[in-house]
């Protein structure tokens, strides 16, 4: 009965510890800016950035730009992550598929996906297709690697038990492979989403007409430094919220796992 209050207290305690460094940085930043130690053109104070943020929220422009960016990220992740999951399952479950596909995928993985962004833009132009393709190229590999590794790390004794119980192929997949590989797959989801969000920055800074990256690029051309900082802040906060959501799902789906938490 006391589990819920105790969990709530720990959540607030964790939040308090996590807030110490950001609060100290903001206070020192505001103090240094107010004292004139930092040029406002180079680095505006948090108060100026906050006023710019409020203005963007009130105008409705910020919500629109965030919506466009999140939509692009989720679409690119859905395609790239799903492909990574499918290919990871094939190479992890079937040795012939591993021999056929994995060497080529590993070679492509070693090429930084942002390095091929100019080539993607050359192929698809500056439209939405190139932006989604850049995100797909980034989200595929973390999902593939962690799915493949998760399946290969499943205890072989489980499959011996499955043979004794005469499990059919789909039963081996749903009762043995999925539960055993799920922690690694969820880690792949977290990493894939993180890379998708980072890839979005590059995709939107090049020839975009909407999104947080476009807002930053437009502010750069207008020398509007506070808006640039607002864009950076939004990238950080939204990225953290997405990661926290996946971690919440991970804790709920893997509640049975008895792992060290410090």
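Using N, Cα and C of the backbone, Cβ positions are placed for all residues, glycine too.
As recorded in TrEMBL:
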| type | residues | note |
| --- | --- | --- |
| TRANSMEM | 12-32 | transmembrane segment |
| DOMAIN | 70-246 | domain 'ABC transmembrane type-1' |
| TRANSMEM | 74-95 | transmembrane segment |
| TRANSMEM | 107-126 | transmembrane segment |
| TRANSMEM | 132-151 | transmembrane segment |
| TRANSMEM | 172-191 | transmembrane segment |
| TRANSMEM | 197-216 | transmembrane segment |
| TRANSMEM | 228-249 | transmembrane segment |
Who are the chain neighbours of the transmembrane segment (12-32) in space, where the CB to CB distance is under 8 Å and they lie at least 6 residues beyond its ends?
38, 43, 45-47
Select the range from 74-95, 132-151, 172-191 that forms the most Cβ-Cβ pairs under 8 Å with the transmembrane segment (107-126).
132-151
